[in-house]
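S.K.: Structure below; questions to follow.
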Amino acid sequence: MAASAAAATAAASAATAASAASGSPGSGEGSAGGEKRPAASSAAAASASASSPAGGGGEAQELLEHCGVCRERLRPERDPRLLPCLHSACSACLGPATPAAANNSGDGGSAGDGAMVDCPVCKQQCYSKDIVENYFMRDSGSKASSDSQDANQCCTSCEDNAPATSYCVECSEPLCETCVEAHQRVKYTKDHTVRSTGPAKTRDGERTVYCNVHKHEPLVLFCESCDTLTCRDCQLNAHKDHQYQFLEDAVRNQRKLLASLVKRLGDKHATLQKNTKEVRSSIRQVSDVQKRVQVDVKMAILQIMKELNKRGRVLVNDAQKVTEGQQERLERQHWTMTKIQKHQEHILRFASWALESDNNTALLLSKKLIYFQLHRALKMIVDPVEPHGEMKFQWDLNAWTKSAEAFGKIVAERPGTNSTGPGPMAPPRAPGPLSKQGSGSSQPMEVQEGYGFGTDDPYSSAEPHVSGMKRSRSGEGEVSGLMRKVPRVSLERLDLDLTSDSQPPVFKVFPGSTTEDYNLIVIERGAAAAAAGQAGTVPPGAPGAPPLPGMAIVKEEETEAAIGAPPAAPEGPETKPVLMALTEGPGAEGPRLASPSGSTSSGLEVVAPEVTSAPVSGPGILDDSATICRVCQKPGDLVMCNQCEFCFHLDCHLPSLQDVPGEEWSCSLCHVLPDLKEEDGSLSLDGADSTGVVAKLSPANQRKCERVLLALFCHEPCRPLHQLATDSTFSMEQPGGTLDLTLIRARLQEKLSPPYSSPQEFAQDVGRMFKQFNKLTEDKADVQSIIGLQRFFETRMNDAFGDTKFSAVLVEPPPLNLPSAGLSSQELSGPGDGP
């Protein structure tokens, strides 16, 4: 009996070890969990599936379950692998990894960590350590065979050849119903674990995965701190004090989040499809406009016979230049949008497929990759397509017959300005209006996203920058000549180019010495370095330098997830990043910082010159103010408010920021001030109390005054009041000393002594500044603006301090003899301040 029990124990140990070995994943982070999808996740999956385009084709759907190289169905014996781009391939079909020498030499990383692998489908490069096992396909190949094998298996404990209905884990043999009853009656086998026929599976038929360390423990917990699956023993030891969830809760929460992201991307993808069709229609309309103008020109030439033939040919050429330029931009824009559309279709198909799958293990292990792709696709800025501008030929038969040399011109209406051909201007005696203003016309959209595509369009020799005209309004008068091309240089976390193939988006990893090799992916959490170009001529390599030929970029918003961010490549003469101001669209989230130091992003992004209209400021007009500090109107290291989307230097904001804030940062104008309890007692205005201690504003009043002062700095009519003092060293010793916002800020920040001791004293200085500026100007418009500024300031003060009225103190008080702290203008103002 003892020998029989020992044999049974040995058999049970062998069976358990075999089960653990077959079920443990190669990465050591397998998962288990047989939870069914919650209703919310199922609804989100259905919504995502509905939003997925139907015209994707069978080949695109086939890529989800077949190898992208050999086209064979992915089975466990082929070791299916899932790449960061969400394409799958057999392990043997993946090309050999190429070491990234530049990365290893810069950071001292191991060769394995820096090895790069090319995706066989989209040619994207990724680190080999980021490639994971495709858990969705791990059990798919063996499911049918195991089911058929179990159906034909017979009981081995009796000679009746009865079909096996159960399986003893300790004895490792199938049992029929009769033997199961006998098995449970025998003393030495009644405690054995008898399961239904087949290997250990969860309720949904998903194979249980066991811990690599504790071989008999299934992975039943999800550690939120480490973002991985653990067993109970690991959670009590290696993951002690970590936040965790049971698989049921983790699967339910992750499915809801993924379903929400898929729905958002589906809606955005539908908008992109619509815009793509509109661009295609605009291309045809531009072609029709060209033909119509050409006919008008030829008909005019027939009226004045031979003397206008030469000028007529010039006008035809001018019309072709204008329309062909528009058509070329639209063709490139349409081509790029089509590429983005294809990539989004793949992401939608894969995410919907993952959500519809019952394999919860694979969903949790692959959710980081799916999150990353969904977030990046959602952050791509796609502006709506606007109708193209009208273009027609204008002429007067009687007047231009006498002036054949200056006959006619091509008028192309564009958003913000009108552009004519380079021919001579109309003579003064020409009757009739020369052109129509283009305030109601517009140009197609500008695509901004984070992918590079192959240049299979026929215009690869031109600047491959897909960009429309920025919206603005033209003033009175006529703008002649072609639009000025403004070079633009940007630094992004994703630096991509347009290569010569027509494959889906390509990720390049390290900057090279040539135009084609200028490719670097840097993915980091919570930071996005961006830049906007400035018009003008700059030396090569400096911010705003002219772009390299053949390069194009589309911008991408911040992503929230990081997948194996590579160390920064060493900066050399050809890879040194160019940092400029931050540019973000209206959908951006959280603050962003573009900094020349402390960042791992070193990719250089060169943007081809784009045709832009002259900047026109005014309400509702998109100008350069979105790319510069709201206070000093200069670029640099900026942080963006998550609510109002104003950008500030760290020192320009009030109060000054010591460190880069978090993602959900709000500026003082948007931040709700806490209800701070005011200090008891009142403070005198003489600058000191009975004990000789200098009086200061209470913390609550300090924050309120800073908020009001920041509102003045950001208020456009207050721009002339930023710095009125002309002395190199600010001083308020003279009673008639000039006051400006910079001096008031210095005193509020206690850079000048004495500091403000009450809100009334602060209001008196602002009122004194208004009155001084009123004396300096005789312009009626300036006088009216001062009245408006006083009302604006009084409203802000009343909003900040409740029912307290400050109208009485907005008069010039007796001059205060303030001792100068000897601070220079550079010390009193932030690094970007200035007139």
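Backbone N, Cα and C atoms are what each Cβ position is placed from, and that goes for glycine too.
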S.K.: Looking at S142, S474, S599, which residue has the phosphoserine feature per Swiss-Prot?
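M.R.: Annotation hit in Swiss-Prot: S474.
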S.K.: Could you tell me which of the ranges 67-123, 295-351, 751-807 is annotated in Swiss-Prot as zinc finger?
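M.R.: Going through 67-123, 295-351, 751-807 one by one, Swiss-Prot gives zinc finger for 67-123.
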S.K.: Pick from S287, S461, S467, S684: which one does Swiss-Prot list as phosphoserine?
M.R.: S684
S.K.: If I go by Swiss-Prot, the feature zinc finger sits on one of 206-247, 500-541. Which?
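M.R.: Of 206-247, 500-541, Swiss-Prot gives zinc finger for 206-247.
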S.K.: Pick from S27, S829: which does Swiss-Prot describe as phosphoserine?
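M.R.: Annotated as phosphoserine in Swiss-Prot: S27.
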S.K.: Which range, 160-173, 174-187, 482-495, 622-635, does Swiss-Prot list as motif 'PxVxL motif'?
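M.R.: Here Swiss-Prot associates motif 'PxVxL motif' with the stretch 482-495.
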S.K.: Can you tell me the mean pLDDT for the region 'Involved in binding PPP1CA' (368-372)?
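M.R.: Mean pLDDT, the region 'Involved in binding PPP1CA' (368-372): 91.
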S.K.: For the recorded Zn(2+) 1 site, enumerate neighbouring residues of the same chain (Cβ within 8 Å of the Cβ centroid of C155, C158, C179, H183, site residues themselves excluded), in sequence order.
M.R.: T156, S157, A162, L175, C176, T178, V180, A182
S.K.: Any idea what the Cα distance is from K379 (SUMO1 cross-link) over to C158 (Zn(2+) 1 binding site), rounded to a whole Å?
M.R.: 65
S.K.: Taking the Cβ of K775 (N6-acetyllysine) as the centre, count every other Cβ atom within 10 Å, in any protein chain shown.
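M.R.: Total other Cβ atoms inside 10 Å, all chains included: 8.
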S.K.: Between the recorded positions H183, K379, K751, K780, whose Cβ has more other Cβ atoms within 10 Å than any of the rest?
M.R.: K379
S.K.: Would you mind ranking the binding-site residues C155, C158, C179 by how many other Cβ atoms sit within 10 Å of each Cβ and giving me the lowest?
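M.R.: If we count Cβ atoms within 10 Å for the binding-site residues C155, C158, C179, the smallest count is at C158.
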S.K.: Taking Cα-Cα distance, which of the binding-site residues C155, C158, C179, H183 are within 10 Å of Y756 (phosphotyrosine)?
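M.R.: Among C155, C158, C179, H183, not one has a Cα sitting within 10 Å of that of Y756 (phosphotyrosine).
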